[in-house]
Amino acid sequence: MNPNQKIIAIGSASLGILILNVILHVVSIIVTVLVLNNNGTGLNCNRTIIREYNETVRVERITQWYNTSTIEYIERPSNEYYMNNTEPLCEAQGFAPFSKDNGIRIGSRGHVFVIREPFVSCSPSECRTFFLTQGSLLNDKHSNGTMKDRSPYRTLMSVKIGQSPNVYQARFEAVAWSATACHDGKKWMTVGVTGPDNQAVAVVNYGGVPVDIINSWAGDILRTQESSCTCIKGDCYWVMTDGPANRQAKYRIFKAKDGRIIGQTDISFNGGHIEECSCYPNEGKVECICRDNWTGTNRPILVISSDLSYTVGYLCAGIPTDTPRGEDSQFTGSCTSPLGNKGYGVKGFGFRQGTDVWAGRTISRTSRSGFEIIKIRNGWTQNSKDQIRRQVIIDNLNWSGYSGSFTLPVELTKKGCLVPCFWVEMIRGKPEETTIWTSSSSIVMCGVDHKIASWSWHDGAILPFDIDKM
């Protein structure tokens, strides 16, 4: 075979192989398309991934097809029903730990907000910790002077319960130096108070959007609960104060639907003082235990009906639960009048259990240190001193602070009753410690049908921080 014949033979063979390759590729494509059309959902190469972002952003649907991705944004379905919340409170024999954020310990080296007034509130699908930031981080120069209650830098933010109040997981809620928040079953409602002391404004947000406002009506530091508001059958209730902290002020109950105020009523309470109420739903009504910052070491009680009628008085128990306070043995108790003649006070809480009451208080009578919850037989209706249960949450060697109530809805627990829960703030820094800042962490407890041993779930951060030594 001469050279020309060899070239022709090799070329013919190559052309034949090429044609065969093309035919095989065409057949392969046809078969693949036919199979995918007939049974596309059964192959691993075609899959759908659903990711959900926070509460109100979107659902992202990604369909992956070999090396091609198609991204489609669809509306996130909203919750269809309002929560009922007319069930009774569950009977609690003790309180078990639910969460602890350790924010200050983590904040010594993490990006954690300087906060105060943390509180917890729950939706049908989750519980969140809300807190008022100071627009600054722990162990940073902007934390200097954060003992101040009211500033233009304060904002209400939230994280999923148990998370520290860090910059990476926190969600902005409102501009506020006083606040409340609750979920009606469909969306979150927040009330954030901000502005100058004599003309403060409360902005009502629903689903993250401003819907209504409340202007100061007494011109003296309009303020609200610093704990969860209460929603029953789609109507949400909260209490506000406007006026002096050390004498008679003005108090109002507000009612909103979908974030729009549909009712309000003034509370007549001459001689009494109401601030920072801790409220919860119970048998279709809103029950609140509040703070008397004027004279009483017993706590005001407020029970609100759906038509905004109310009863107001004081926790009857013959054991005082505010701080500062006198000796238990010297306190008689009253259902109608403030007793104790001790000014100032601290936000606190309690739960009615029939005619009994669970009531939280600091262990110290004079300072915000230690924390215990006690059960007083007939303490809701009588001047009883019969303490039938006591559980220590924080020992008296460690700082506590505000405390407040919330409930776990039946949608979360699948019970036929509302689980009573509470949180305790643990304040660190100024004025008790040598730092340039004031902040706090929290421990959260929920009622169970067993006795729980006392212990100390204290903050545990080692102070001062590096910034305090400069």
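Note: Cβ is positioned from N, Cα and C throughout, glycine not excepted.
Swiss-Prot annotations:
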- Asp149: active site, proton donor/acceptor (ACT_SITE)
- Arg116, Arg150, Glu275, Glu276, Arg291, Arg368: substrate binding site (BINDING)
- Asp292, Gly296, Asp322: Ca(2+) binding site (BINDING)
- Cys90-Cys417: disulfide bond (DISULFID)
- Cys122-Cys127: disulfide bond (DISULFID)
- Cys182-Cys229: disulfide bond (DISULFID)
- Cys231-Cys236: disulfide bond (DISULFID)
- Cys277-Cys290: disulfide bond (DISULFID)
- Cys279-Cys288: disulfide bond (DISULFID)
- Cys316-Cys335: disulfide bond (DISULFID)
- Cys421-Cys446: disulfide bond (DISULFID)
- Asn39: N-linked glycosylation site (CARBOHYD)
- Asn46: N-linked glycosylation site (CARBOHYD)
- Asn54: N-linked glycosylation site (CARBOHYD)
- Asn67: N-linked glycosylation site (CARBOHYD)
- Asn84: N-linked glycosylation site (CARBOHYD)
- Asn144: N-linked glycosylation site (CARBOHYD)
- Asn293: N-linked glycosylation site (CARBOHYD)
- Asn398: N-linked glycosylation site (CARBOHYD)
- 32-86: region 'Hypervariable stalk region' (REGION)
- 89-470: region 'Head of neuraminidase' (REGION)
- 1-14: topological domain 'Intravirion' (TOPO_DOM)
- 36-470: topological domain 'Virion surface' (TOPO_DOM)
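Location within the structure of each feature annotated in Swiss-Prot.
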residue: Asp149; record: active site, proton donor/acceptor; Cβ neighbours (10 Å): 15
residue: Cys236; record: disulfide bond; Cβ neighbours (10 Å): 27
residue: Cys277; record: disulfide bond; Cβ neighbours (10 Å): 33
residue: Cys288; record: disulfide bond; Cβ neighbours (10 Å): 28
residue: Cys290; record: disulfide bond; Cβ neighbours (10 Å): 32
residue: Asp292; record: Ca(2+) binding site; Cβ neighbours (10 Å): 24
residue: Asn293; record: N-linked glycosylation site; Cβ neighbours (10 Å): 22
residue: Cys316; record: disulfide bond; Cβ neighbours (10 Å): 21
residue: Cys335; record: disulfide bond; Cβ neighbours (10 Å): 15
residue: Arg368; record: substrate binding site; Cβ neighbours (10 Å): 19
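Asp322 (Ca(2+) binding site) falls within neither a helix nor a strand when secondary structure is assigned with DSSP, and so counts as coil.
For Arg368 (substrate binding site), the recorded positions whose C-alpha atoms fall inside a 10 Å radius of its own C-alpha are Asn398, out of Cys122, Cys127, Cys231, Cys236, Asn398. In the three-state DSSP classification, Asp292 (Ca(2+) binding site) falls within coil. Sequence-distant neighbours of Arg116 (substrate binding site) (same chain, six or more apart, CB under 8 Å from its CB) are Phe131, Leu132, Gln134, Asp149, Glu425, Ile427, Thr438, Ser439, Ser440, listed in sequence order. Distances between the Cα of Cys290 (disulfide bond) and those of the binding-site residues Arg150, Glu275, Gly296, Asp322 are shortest for Glu275.
Among the recorded positions listed here, namely Cys127, Asn144, Cys236, Cys279, Asp322, Asp322 has its C-alpha nearest to that of Arg291 (substrate binding site). Classification of Asp149 (active site, proton donor/acceptor) by DSSP places it in coil, neither helical nor stranded.
In the predicted model, the region 'Head of neuraminidase' (89-470) shows an average pLDDT of 97. Closest to Asn84 (N-linked glycosylation site) by Cα-Cα distance, out of the recorded positions Cys122, Cys127, Cys182, Asn293, Cys417, is Cys417. Across Arg116, Arg150, Glu275, Glu276, Arg291, Arg368, which the record gives as binding substrate, the greatest C-alpha separation is 21 Å.
Checked against Asn398 (N-linked glycosylation site), the recorded positions Cys182, Cys229, Gly296, Asp322, Cys417 differ in C-alpha distance, with Asp322 being the nearest.
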